[in-house]
Amino acid sequence: MSGNTLGTLFCVTNFGESHGPAIGCVIDGCPPGMELSEADIQADLDRRRPGTSRHVTQRNEPDAVEILSGVYEGKTTGTPIALLIRNTDQRSKDYGNIAQSFRPGHADYAYWHKYGLRDPRGGGRSSARLTAPTVAAGAVAKKWLAEKYGTRFRACMTQLGELPIPFENWEHVPHNPFFAPVADVQAYEDYMDALRKSGDSCGARIRVQATSVPVGLGEPLYDKLDADIAHVMMGLNAVKGVEIGAGFASVAQRGTTHGDSLTPTGFASNNAGGVLGGISTGQDIEVSLAIKPTSSIISPRESIDIHGQSTEVITKGRHDPCVGIRAAPIAEALLALVIMDHALRHRAQCGDVVQAVAPIPAVRLG
C-alpha cells in the first residue's frame with residue numbers, strides 16, 4: 001500500500017491499524033534543536049481522544065504518545081522522530097457479523113476489490129483511529145511554526161447536520177464537546193441525543209484557520225499551497241469537500257467584491273483565504289471542510305456480501321455518530337503539516353530573498 005507519507009521536506013509516514021497493537025508515525029525533516037517532550041504532543045491528542053463525551057465513540061483509548069527516537073536530552077536531533085500510540089481498548093468481536101459483507105458508504109468494498117482482502121476490525125487501515133498519529137505529528141509542526149513565525153492554528157464546527165452554528169467567539173470552542181464557537185450548545189446536545197437514539201448519523205462542517213503565516217509559502221504551478229491543503233484535507237476520513245477562503249460562495253460574487261483590496265494599511269477582506277496564485281499572502285489561511293455522515297450505524301441497510309449476494313448490514317461496535325465532532329484538532333494538524341513542509345521548502349529556495357517593502361497587515365475577521 002502506497003500513499004502513507006505526506007510532505008516533501010517535512011515528511012510524515014503514518015502506520016498501523018485500528019485494532020492492531022499500536023499506531024504511530026515517523027517524522028523525517030524536523031529541524032534540530034527544538035525542545036520537544038511527550039507533553040508537547042499529548043495536549044493535542046487529548047483534544048482528539050475518543051470517549052470524552054456521550055456524543056462520540058465510547059472506545060476508551062488514553063492515546064498516550066511515546067517518543068521512540070529523534071529527541072536527545074529534550075531536543076530534536078534532526079534525525080527521524082518516531083512516535084508510538086498503543087491501542088488498548090480494541091473490541092474486535094463486534095465486527096464478526098460484517099467480516100463477509102460490506103457497509104454502505106464505507107471503504108470496505110473498495111479496499112476488498114483493490115487489495116483482494118481487508119481487515120474488517122474497526123475499519124482496519126481506513127479507520128479514523130489513524131488520525132491520532134496525524135495529530136501527534138501536527139503538534140510537532142505547530143510547535144516549530146509557533147516558535148519560528150508565531151503561527152497559530154484553531155478550528156471550530158460551523159454546522160452540525162442540518163443545524164448551522166453561528167460564530168460568536170473563539171473563546172467558546174474549548175469549553176464544549178462540539179468545538180462550537182457559541183456559548184449555548186443545548187440545541188446541539190439535544191440533536192445528538194435524538195440522533196443516537198434513532199440509530200443514525202450526521203455530517204458536519206468544520207472551519208480551520210492559521211494565523212501569522214509568513215508571506216511566500218507555496219510552489220506554483222503544481223505544488224500550490226492551497227492545492228496541497230486541499231490534497232491533505234481530502235485525505236481526512238469522511239471529508240467530501242474542501243473550500244479555501246470564500247470557496248463556492250465566490251461563484252455568486254462579483255470581481256469588485258471578491259478581490260481583496262490592498263491598501264498601505266492592510267488588506268480590506270480575505271475572500272482568497274490567505275492564498276493568491278498558490279502562494280501565501282500573510283493573511284489568515286481559511287479552510288472549510290464538508291464531512292459526510294458516519295457510515296457505521298446500527299440501522300439496518302441493504303448491501304451485498306463477498307459472494308455478491310444480497311444481505312442486510314447492521315454495524316455493531318462503538319462508533320462516532322458524527323465524526324465531525326472530533327475533526328477540529330485533526331484539521332488543525334493537517335494544516336500545520338502542510339504549512340510546515342512549505343515553510344522548510346521556502347527557506348531552502350528563497351531564504352535569502354529580502355523585499356524593501358514589508359508585507360501589509362492581514363485583515364482580522366474573527
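Positions of Cβ are set from backbone N, Cα and C atoms, glycine also.
Straight from Swiss-Prot, the features:
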{"type": "BINDING", "residues": "Arg48, Arg54", "note": "NADP(+) binding site"}
{"type": "BINDING", "residues": "Arg125, Ser126, Ser127, Asn237, Ala238, Gly277, Lys292, Pro293, Thr294, Ser295, Ser296, Arg318", "note": "FMN binding site"}
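Taking the C-alpha positions, the distance from Thr294 (FMN binding site) to Arg48 (NADP(+) binding site) comes to 17 Å. There are 21 other Cβ atoms within 10 Å of the Cβ belonging to Arg125 (FMN binding site). Across the fold, the C-alpha of Arg48 (NADP(+) binding site) and the C-alpha of Arg125 (FMN binding site) stand 18 Å from each other. Candidate binding-site residues: Arg48, Arg54, Lys292. Fewest other C-beta atoms within 10 angstroms, Arg54. The secondary structure of Arg48 (NADP(+) binding site), as reduced to three states from DSSP, is helical. In this structure, of the binding-site residues Ser127, Ser296, the smallest number of CB atoms within 10 A of the CB marks Ser127. Nearest neighbour of Arg54 (NADP(+) binding site) by Cα distance, taken over the binding-site residues Arg125, Ser127, Ala238, Lys292, Ser296: Ser296. Under the three-state DSSP scheme, Arg125 (FMN binding site) falls in the helix class.
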